[in-house]
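**Q** Quick paste of what Swiss-Prot says about this protein:
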{"type": "BINDING", "residues": "Asp203, His205, His336", "note": "Mn(2+) binding site"}
{"type": "DISULFID", "residues": "Cys98-Cys331", "note": "disulfide bond"}
{"type": "DISULFID", "residues": "Cys322-Cys399", "note": "disulfide bond"}
{"type": "CARBOHYD", "residues": "Asn52", "note": "N-linked glycosylation site"}
{"type": "CARBOHYD", "residues": "Asn58", "note": "N-linked glycosylation site"}
{"type": "REGION", "residues": "106-219", "note": "region 'Catalytic subdomain A'"}
{"type": "REGION", "residues": "277-339", "note": "region 'Catalytic subdomain B'"}
{"type": "MOTIF", "residues": "418-421", "note": "motif 'Prevents secretion from ER'"}
{"type": "TRANSMEM", "residues": "4-24", "note": "transmembrane segment"}
Amino acid sequence: MRRHVVLSIFVFAGIVFAAEEAEKLPKCEHVDPYENLEGWLDLKPLTERKCNHTLKENLTEAESKKSEWGIKSFAFDALSSEKLGPNRNVGKQAHKLCEEEKYDASYSTSVVVIHHNEALSTILRMINGIIEFTPKSLLKEIVLYEDASEEDHVLTKHLEKFAKIKGLEDKLIIKRSEYRQGLIRAKVHASRLATGEVIVFMDSHCEVAERWLEPLLQPIKEDPKSIVLPVVDLINPVSFDYSPSMVAKSGFDWGFTFKWIYLPWEYFETPENNVKPFNSPAMPGGLLAMRKEYFVELGEYDMGMEIWGSENIELSLKAWLCGGRVVVAPCSRVGHVFRMRRPYTSKPGMDTALYNAVRVAKTWLGEYESKFFAVKPRGAKMVFGDLTEPMQVKDRLKCKDMKWFIENVYPELEPKVHDEL
């Protein structure tokens, strides 16, 4: 706990200092990438322009509207993002000992990005960062799959123009679904377009740090049935400041609510623990690497799920119970914009998060199913659809039961649920 408090103080102090320094700089020029893509792509990094991209004094009417539109549409400040520009080097965010690590995994890699109602500036900055900070020998392609964005937010034409300007037609696979698939099914459809040996699923508002990919590939070489996670750093939704986050495992409670599990200070006093991958009971879901062949072997995501929610729990359980593992690679760092809220809608008339969670519970919890419904009683009466396919995967892979998972992977899950206390 002391480690978390001390690091948080340093991070906060650094942000305050950076903000104070930025306030002394003039307001950045605003170039709108939707209207002038070439001009926006020509913008130099902030370090060269010497301006403040977050300053809200003396905004023009167009700038004010852009800021308000961004917060309403994306739950982050699109004006700050556009003024930040197309390129940013967030530097080396991992522990200094990571610089000494040697990696020899050489899988061709496809980065798979699903976007629905996404801001153009964030996705283009992410693509530029992936291209710049990934070895050419490893990056096979980036799959950009647009899941039926609403009319004002369709990016496919902008992305095609970007690919032509940058000469990336052979590196970017740009596809659009005219009908809303939802994040889960869209990920499956997009992954089927990928031709790399490894797929990296990445949310559409991320930025990679230097040497982000190599640490993700090495554990896969050591165990091909690995799902490998980076450390997810924080990008502020208003200022877009990049801040390193605590190294942590991922977990969940009996209601499948995700949570971070922070490692004790003493763990990191052993130098090698700052660099070596470690097991995690679960995953956040937005950022992960695995062999495409293994993803298919696991039955991909459950195509009976709707929109978003619990797919991370399902994939975690499938990996652990069916002969694989989930690990965190602390030397891999990827920043993620943590938005103010989830700005897109679910399926009308349906609690999709609960629906998906019930499907996972019915498929994987077995004798522990009652613990889930004690936390989520509304789910007990919910119609959850056909489970034939996920059950066939479970049988085909001869998966272990939930008791094994608790005893061998996640003993912290065993305490009684609230209504039994």
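Backbone N, Cα and C define each Cβ position, glycine as well.
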**Q** If you draw a 10 Å sphere on the Cβ of Asp203 (Mn(2+) binding site), how many other Cβ atoms land inside?
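**A** Result for Asp203 (Mn(2+) binding site): 21 neighbouring Cβ atoms inside 10 Å.
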**Q** Where Cys399 (disulfide bond) and Asp203 (Mn(2+) binding site) are concerned, what is their Cα separation in Å, rounded?
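**A** So the Cα of Asp203 (Mn(2+) binding site) lies 29 Å away from that of Cys399 (disulfide bond).
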**Q** Of the recorded positions Asn52, Asn58, Cys98, which one has its Cα closest to the Cα of His205 (Mn(2+) binding site)?
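**A** That would be Asn52, the closest of Asn52, Asn58, Cys98 to His205 (Mn(2+) binding site).
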**Q** I'd like to know which of these disulfide-bonded residues, Cys322, Cys331, is least surrounded, judged by other CB atoms within 10 A.
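**A** The disulfide-bonded residues Cys322, Cys331 were compared, and Cys322 has the fewest Cβ atoms within 10 Å.
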**Q** By the count of other Cβ atoms within 10 Å, pick out the sparsest of the binding-site residues His205, His336.
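**A** Fewest other Cβ atoms within 10 Å, among the binding-site residues His205, His336, is found for His336.
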**Q** Let me check the 10 A CB neighbour count of Asn58 (N-linked glycosylation site). How many other CB atoms are there?
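**A** Taking every protein chain into account, the count is 7.
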**Q** Quick check: with Asp203, His205, His336 left out, which same-chain residues have Cβ atoms within 8 Å of the centroid of the Mn(2+) site Cβ atoms?
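**A** Along the chain, the qualifying residues are Thr122, Met126, Met202, Ser204, Cys206, Ile235, Gly286, Leu287, Gly335, Val337, Phe338.
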**Q** Please work out the helix, strand and coil residue numbers for the region 'Catalytic subdomain B' (277-339) from the DSSP assignment.
**A** 17 helix, 20 strand, 26 coil
